[in-house]
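Asks: Can you keep this structure in mind? I'll have questions shortly.
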Amino acid sequence: MLGYTVVRGGLGLLAVRRVCLVSRSAYSAPRREHRPIKKVMVANRGEIAIRVFRACTELGIRTVAVYSEQDTGQMHRQKADEAYLIGKGLAPVAAYLAIPDIIKVAKDNKVDAIHPGYGFLSERSDFARPAWRRAHWPSPQVQEKRYTVSQVLIPKLVRLFSVPVVPGTNAPIASLREAQVFAQTYGFPIIFKAAYGGGGRGMRVVREIEELEENYQRAYSEALAAFGNGALFIEKFIEKPRHIEVQILGDKYGNVIHLYERDCSIQRRHQKVVEIAPAFELNPQLRARLHADAVNLAKMVGYENAGTVEFLVDKHDNHYFIEVNSRLQVEHTVTEEITDVDLVRAQLRVCEGRSLPEMGLKQEKIRVNGCAIQCRVTTEDPARGFQPDTGRIEVFRSGEGMGIRLDSASAFQGAVISPHYDSLLVKVIASGKDLRTAASKMSRALAEFRVRGVKTNIPFLQNVFSNHQFLHSTVDTQFIDENPDLFNLKPTQNRAQKLLHYLGHVMVNGPTTPIPVKAKPSSIDPVVPAVSMGDPPIGFRDVLLRDGPEGFAKAVRAHKGLLLMDTTFRDAHQSLLATRVRTHDLKVISPFVSHNFSNLYSLENWGGATFDVAMRFLSECPWKRLQELRALIPNVPFQMLLRGPTPFCEVAKENGMDIFRVFDSLNYLPNMILGMEAAGAAGGVVEAAISYTGDVADPMRQKYSLDYYLKLADELIKAGTHILCIKDMAGLLKPEGSKLLITALRDRFPDVPIHVHTHDTAGAGVAAMLACAEAGTDVVDVAVDSMAGMTSQPSMGAIVACSKGTKLDTGIALEKVFDYSEYWEVARGLYAPFDCTATMKSGNADVYENEIPGGQYTNLHFQAHSMGLGNKFKEVKKAYVEANKLLGDLIKVTPSSKIVGDLAQFMVQNDLSRAEVEERADELSFPLSVVEFLQGAIGIPHGGFPEPFRSKVLKSLPRIEGRPGASLPPMDFKALEETLRAAHGDEITPEDVVSAAMYPKVFQEYKEFTSVFGPVDCLNTRLFLDGPKIAEEFEVELERGKILHIKALALGDLNKAGQREVFFELNGQLRSVLVKDTVAMKEMKFHPKAQKSIKGQVGAPMPGKVLEVKVEVGAKVEKGQPLCVLSSMKMETVVNSPVSGTVKAVHVTPDSSLEGDDLILEIEE
């Protein structure tokens, strides 16, 4: 034998003893001589290299691997007995095409045989020749001339022997002109095919003359990059055929057998995705013809070793020969599974000189046993047109079990998937008694896979194996294109790994939510009081569900004693803790509330700042909060704050909201009525709230007099409110004013329930609320003791204690209030970074002068300290009074209170008095909120706008007449939903649409956060804010019955990419995540990323290298015009313009290496 025998079937060349067109029997059979192979080198990488190594090891043959500089960490290098570097200094693919290096390694290390696998050099005759020339000793066949029968000779033979063939060129074409001539002769469609390789590389279908030149260039470039030779064949393209290939095996003595056929029709971009053996529901006569043609063709050319004869079968069962793949195929595995023939072992034995009969391989003994299916799990993203993904595999868990075989190389935790090579991760082979059995095993195995860190095509493959056509009928090469439902991909949750990413991010970069003061969350978790077993007692929500809003209102009015609304779940923490209380801490105390406070009028847990803060700072879904709290507290009505017109009343009602407190910051009636109508139409309880300011007991304050409030109440009652509310946001109600106002309202409206809301900034809230109750109020707002007082609501315990044993008795057990308060006292410590007591130590009765609402009082105090104006807070409060007068003495509730506050801070920062502001109003640059208010953006204030101040500020700016928003076109929620689905997938809910309508930027940021980190509301608050300490162990419950056991292990050093590796132990297994160090990255230079929100910024759709830039700065481009060409994993992609416009900037050059979403260029529309 030869010193360097090339395993010819694997090489992809038809190395034959003699090319003849007559029967082999006319020649004498060669003398049989076995030359054992002792050492085999595989001139390839990845799973095929390992596949060959395993067969060699079973035969006692020593193995040699070669690897590129980029593959030092690849598994095939470690599986071989010896491994040697090749292609030093060359590009990644070029290294495996470096023939001199490979031959040198073989010679230096006394290699007997070279197996080239598939791809790379497997179909290169110029690789085989040096191996033959370097023979160290004579071969039995050395006297016979060797010929390489490639795809040039085979078509001549098949025509001679009447085997149908697809029209095509007999030799590779040398120019675009030849392609044009062929297309003119045979018409479109046509297909370019690489002459020296397969796998879909260098294949391009052309349907129109306009596409010819571009596709020729792309096919040539791809083939050159993948196989080192850009030669192309060109053929007529047959529409919708089945792709059937017959596995053959021949020896040196003229014996050829077939091992049945494979159906490879499920393809994408001409690359096989799923292969089946034997072909499903193939006509028996057609099957026999295919087998016979394949074997006869192989015998005519004296074929040796393993190979595949490929055919296309049209809908009339006509078959056409297309090519011989004279090498081992990727899908050889399914043939092995159904025939129990090890093809690689057979290759090696044939190469040693053994005959097929010696190996027990006779045609009559080859039988089909069941069905086998192979699918190729790749690191490609089906949702983005199967764009290759690269990166580090953070988690890898495979599917296994009976009937499953895995062939892989790079599939392990920590493996780095580079853009330089094929995207194949693992081949999964399932075997069963028939197609459906094998498919069910495959589906089960794929469901067991967990691959994190890179995208895979597993969701797509799962859809294939559950497709009705696939399971019950035949498929053709258009199967994927004609089944768009295959791309309805079920998103992977990846919750655990995303959670580790979040924890690692916090450990490296600190909290994701802004921290106003330098304080750490308490390390003590609150203890939840004991809750009795069974269902909670019946509450007022049961009355509401039974009797409806009107019946509910009557029950409230008829109730003996004072009813309470608990604001602890919303306004209390908005006032004291910057609205930062998380759903996690609300949920754990909810069962206690449900069982022990069932006689509450309501629980306020939504609305106000809660909605946007949940998404913006807590990275939570506010709708999910509502849904979960509703499930835990089924018996107490929920109440929310509703300002002006809003689209979400109906959706909120469906998610569990009951009472809608409708208000307007200016008491502007048109706005209020719109909100009332929306709440009523949704089936909710309408609670119209009059925002209170001034002092009805002060005869000197006549703008907001008792008569003003009574007239406004008249209008609201006429508009159909179920409950009348007084909303005292600044806590201005004193006991005397409370008696006066509530008595007048009770006398005027004896049958309407009255509800009073206040803040305890001055410390007189309990007295005021008791006075309201004595005067006839049905409901007052309170917060549990540890969350009450200061800018929050009056103390629940104080009201309960003071009313106990009187006609106002609340019926609430005081000891339960104490337990409830103890929980929140400890829970409040978790929010120390946001607690107002960090800067504000008490309330202040000066609120009666400045009239600053409770929540805003806290915020202004924080802001003043953060801006270094803590010592000037008194001046800010005085300026607030002056700003209020400048604006005409407003009712100060969000957003009108913010307008006054903005103007006050503007005055303090610029050292301006009220007189100076009035005098210079036409030249000062006022805060935008002030300007928009004066334009009429939030409505018309009672008494009108202040003049001439308004005219001087606005000058020629437009003014809004009437209700703001009345002239705006209605929002197209359907179009918005479609936009959101295009951006975020089909999991978009009606609740998401409403969120995006109200807070588009906040919602977008929230979705971006969850796509990276997943839902984080399962973390306790200390972990969410501060992250775990090194060596800390903790549990996280993802859902009922699914608990993660996590231990933080270590933080790694900064790497060249600006990342730190963070190590964890998850459920007993080592996990690590790479986290960008945001501080360090500011000092490092990185390629800019394209901003998805800016259409003109074109980002790289996948990691890869720039092959060609087709435009330059200043060029005019049309939408869809090619801009540049990227190459990734040997596949080329043309990046097209998303818009029409002018190229503003180009950020790449040829050979630039890009990561996904790296900015390529900018287009100005």
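Backbone N, Cα and C define each Cβ position, glycine as well.
Positions annotated as domain 'Biotin carboxylation' by TrEMBL: 36-485. As annotated by TrEMBL, domain 'ATP-grasp' applies to 155-352. Feature annotation from TrEMBL assigns ATP binding site to Glu235, His270. Residues or ranges marked as active site in TrEMBL: Arg327. According to TrEMBL, the feature domain 'Pyruvate carboxyltransferase' maps to 562-818. TrEMBL lists Asp571, Lys727, His757, His759 with the feature Mn(2+) binding site. The substrate binding site annotation in TrEMBL covers Arg643, Thr894. Sequence annotations record features per position, and here TrEMBL assigns N6-carboxylysine to Lys727. Positions annotated as N6-biotinyllysine by TrEMBL: Lys1130.
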Asks: Count the other Cβ atoms sitting within 10 Å of the Cβ of His270 (ATP binding site), across every protein chain shown.
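Replies: Result for His270 (ATP binding site): 18 neighbouring Cβ atoms inside 10 Å.
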Asks: Measuring Cα to Cα, how many Å separate His757 (Mn(2+) binding site) from Glu235 (ATP binding site)?
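Replies: Rounded to the nearest whole number, the Cα-Cα distance is 81 Å.
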Asks: Work out how many Å separate His270 (ATP binding site) and Lys727 (Mn(2+) binding site) at their Cα atoms, rounded off.
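Replies: That separation, Cα to Cα, works out to 69 Å.
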Asks: Tell me the Cα distance separating the residue listed as 'active site' from Glu235 (ATP binding site), rounded to the nearest angstrom.
Replies: 22
Asks: Which are the residues of the chain, Asp571, Lys727, His757, His759 excluded, whose CB is within 8 A of where the CB atoms of the Mn(2+) site average out, their centroid?
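Replies: The surrounding set, listed in chain order, is Thr567, Asp728, Met729, Thr758, Asp781, Gln793, Gly854.
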Asks: Based on Cβ atoms within 10 Å, give me the single least packed residue among the binding-site residues Glu235, Asp571.
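Replies: With the binding-site residues Glu235, Asp571, fewest surrounding Cβ atoms within 10 Å: Glu235.
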Asks: Pick out which of the binding-site residues Arg643, Lys727, His757, His759 has the most other Cβ atoms within 10 Å of its own Cβ.
Replies: His759
Asks: Taking 10 A as the limit, how many CB atoms besides its own sit near the CB of Thr894 (substrate binding site)?
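Replies: I get 18 for this one.
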Asks: Given the recorded positions Arg327, Arg643, Thr894, find the one whose Cα is closest in space to the Cα of His759 (Mn(2+) binding site).
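Replies: Given the candidates Arg327, Arg643, Thr894, the nearest one is Thr894.
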